[in-house]
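Swiss-Prot has this to say about the protein:
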COMPBIAS  1-29  compositional bias 'Low complexity'
COMPBIAS  41-62  compositional bias 'Low complexity'
COMPBIAS  63-76  compositional bias 'Pro residues'
REGION    1-76  region 'Disordered'
REPEAT    73-111  repeat 'WD 1'
REPEAT    117-161  repeat 'WD 2'
REPEAT    246-286  repeat 'WD 3'
REPEAT    291-330  repeat 'WD 4'
Amino acid sequence: MATVSSSSWPNPNPNPDSTSASDSDSTFPSHRDRVDEPDSLDSFSSMSLNSDEPNQTSNQSPLSPPTPNLPVMPPPSVLHLSFNQDHACFAVGTDRGFRILNCDPFREIFRRDFDRGGGVAVVEMLFRCNILALVGGGPDPQYPPNKVMIWDDHQGRCIGELSFRSDVRSVRLRRDRIIVVLEQKIFVYNFSDLKLMHQIETIANPKGLCAVSQGVGSMVLVCPGLQKGQVRIEHYASKRTKFVMAHDSRIACFALTQDGHLLATASSKGTLVRIFNTVDGTLRQEVRRGADRAEIYSLAFSSNAQWLAVSSDKGTVHVFGLKVNSGSQVKDSSRIAPDATPSSPSSSLSLFKGVLPRYFSSEWSVAQFRLVEGTQYIAAFGHQKNTVVILGMDGSFYRCQFDPVNGGEMSQLEYHNCLKPPSVF
């Protein structure tokens, strides 16, 4: 159950169990009212937020020296990390607000810190558009966790909201759709008027797993099915639904290519990653992260679907070479042909793979980058050739480069911490 309303932020409904919505004469802006150029950083507003008391002013001049003996403010805690759709930018939700940063070159584009409360657990970008989707979270949420707030940074306020009877787990955006993920249900809305287009029931989905294609025209949406280890693939252009039993264990993570043709999945075991064709559900390739169990934090395809990046709680980011574009289709996941090139190393005992366990005939990662264990990391491919961008929940930012021929350890190109004060950037 969801309700839609225009928002006159900063007065969100303080009751997270409420689904009431006030009527308003204002309408949700059409796409022509938004800045949608994906290659323009100027589409972001530099407007700062006001506090809940609009008449409140500071007694300190901007040119005055810092007041002595003030306690040092500790860095904020990160509640959320996500890349935008083309991995050119990333969003950070903290217990004080949110901030948007550019990957290459690394720089902070803007931040919005709230005076009181401020916890934001979901920040979903729409390429480099001024429109964001926000969900409150943390110990002192800025917005109720059962609401999706549509933020227009050009106006410096929320221009619409979607209310639900349970907490929002995640949000996905396309230029024409808003997808809201709850614990066991997914709602698909039209972007221009927030009209409900479709709803899907899923198995318990506390992580809010959902992926949506970004290609112009037909939309492909992937979400957990109703059974453990099952994924559901919705093809909206052809109005077809495909169910794939991807794993025996529960689904832990998945990712789509931009065009929605390929799907990568990992289970709660975290040892294998499988790549499927979304049209017919066939297994195209299987790669091995390792032999021991791991929690997979992120999967990401390169823009040309030649590489796949995987991050886990083991503190290592792996890059795998994919051969799905060669047309060789895997019918039996236990009989994956090894790639003779250095870009996809496999066991030298591959001649005996019909006899030896599958572990010895597995395809292993081409390149690796080792990080400190204990922090959650997500990874995506950079816009420069053979580069990977890694984000950590501790605020860390790494940009690395891998050798596609020789493989091995990636080289670190740069490191930053996105939680530093704005004067540092």
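Using the three backbone atoms N, Cα and C, a Cβ is placed for every residue, glycine included.
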DSSP-derived helix, strand and coil totals, residue by residue, for the repeat 'WD 2' (117-161): 0 helix, 25 strand, 20 coil
Intrachain neighbours beyond the repeat 'WD 1' (73-111), with Cβ under 8 angstroms and 6 or more residues off its ends: 38, 41, 44-46, 49, 118-128, 132, 134, 137-140, 142, 153, 173, 214, 258, 300, 303, 378, 380-384, 387, 389, 391-395, 397, 399, 414, 416, 418-420, 422, 425
Within the repeat 'WD 1' (73-111), residues counted as helix, strand or coil by DSSP: 0 helix, 23 strand, 16 coil
